[in-house]
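Here is what TrEMBL says about this protein:
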- 7-101: domain 'Sm' (DOMAIN)
- 108-196: region 'Disordered' (REGION)
- 108-118: compositional bias 'Basic and acidic residues' (COMPBIAS)
- 140-181: compositional bias 'Polar residues' (COMPBIAS)
Amino acid sequence: MSKIQVAHGSRLANLIDYKLRVLTQDGRVYIGQLMAFDKHMNLVLNECIEERVPKTQLDKLRPRKDSKDGTTLNIKVEKRVLGLTILRGEQILSTVVEDKPLLSKKERLVRDKKEKKQAQKQTKQRKEKEKKPGKIAKPNTANVKHTNNSAREIAQPSSSRYNGGNDSNSANRSRFNNEAPPQTRKFQPPPGFKRR
């Protein structure tokens, strides 16, 4: 393990994107890249790996009267890949810097600016697309008349105020199309409405 130079009074804010080793109360160790933290010391680690000593191996760690200090211990540590992980601040005992970030601060700033520009460009394109009035929608057969040339045009409203109320069946027809059957809708009461 290489020694990493970190300022003495450095805080978690200075260690963003550093690879950290986090020790928790239950004896597990989490190694990952620090992405974010909050005032409760909850940590978000990227590409996180969990290491723990199984209970069967704990007996080997306990000191024995007959053993000498120079003996080597063969302890198997279980590793588990977790990926993106949130660690609760209550459980964290200590953090140790494992490795420096892959990118320098300058490179990270350039990368962040590029990502920000791309996001702004995408939102701008999305807004322009939404603003365009000519959205193409499938024409509904109830709202369309077919002519002999198979050209389609929207039917004119056929309410009584447009044709003078001469048609006796105009009340039973749709407002925009003479051929459409009348539509009945279920009553939808407004909020707070009480039936008698």
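Including glycine, each Cβ sits where the backbone N, Cα and C put it.
Predicted automatically and left uncurated, TrEMBL annotations should be read as such.
For the compositional bias 'Basic and acidic residues' (108-118), the DSSP counts in helix, strand and coil order read 11 helix, 0 strand, 0 coil.
Per-class residue totals from DSSP over the domain 'Sm' (7-101), listed helix then strand then coil: 14 helix, 43 strand, 38 coil.
Taken together, the residues in the domain 'Sm' (7-101) have a mean pLDDT of 86 on the 0 to 100 scale.
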